[in-house]
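Under the heading domain 'Nudix hydrolase', Swiss-Prot lists 2-131. Taken from Swiss-Prot, the feature motif 'Nudix box' covers 37-58. Sequence annotations record features per position, and here Swiss-Prot assigns Mg(2+) binding site to Gly37, Glu52, Glu55, Glu56 based on similarity to another entry.
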Amino acid sequence: MLNQIVVAGAIVRGCTVLVAQRVRPPELAGRWELPGGKVAAGETERAALARELAEELGLEVADLAVGDRVGDDIALNGTTTLRAYRVHLLGGEPRARDHRALCWVTAAELHDVDWVPADRGWIADLARTLNGSAADVHRRC
């Protein structure tokens with residue numbers, strides 16, 4: 001059986017990362033995640049992530065630059081793997097289209113977020129990414 005890849009985007013702005021509050025399924029509704037979705041047959045992971053983020057956040061694919069991986073793969077089940085990538089927002093303003101709400105959170109706030117269980121595995125990696133962003137812009141988050 002083929003392994004389904006699901007990609008998630010860590011959209012970083014300054015010292016914050018964008019998180020999205022789920023609407024469904026009922027057992028995950030109200031919890032927060034990095035936005036993203038499934039890679040379609042014949043699609044690269046980066047192209048799939050740009051497409052999914054554009055659809056979910058009301059952006060254009062040209063507004064997004066998908067960068068390096070963040071953290072390790074997370075096995076959702078025996079046939080599905082979740083992967084995160086850092087994403088640079090080149091234009092546009094994200095809007096909640098498929099989610100209840102969006103929120104920009106700092107590294108200090110990551111542990112306070114009511115994450116979907118799978119995304120909890122990236123908290124330390126996201127904190128390192130955000131703290132690295134702070135060093136890049138010569139300010140402390």
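Glycine too: its Cβ is placed from the backbone N, Cα and C atoms.
Taking the centroid of the Cβ atoms of Gly37, Glu52, Glu55, Glu56 as the Mg(2+) site, the other same-chain residues with Cβ within 8 Å of it are Pro35, Gly36, Arg51, Leu53, Ala54, Leu57, Asp98. Residue counts of the motif 'Nudix box' (37-58) by helix, strand and coil are 13 helix, 2 strand, 7 coil (DSSP-based).
The number of other CB atoms found within 10 A of the CB of Glu56 (Mg(2+) binding site), across every protein chain shown, is 20.
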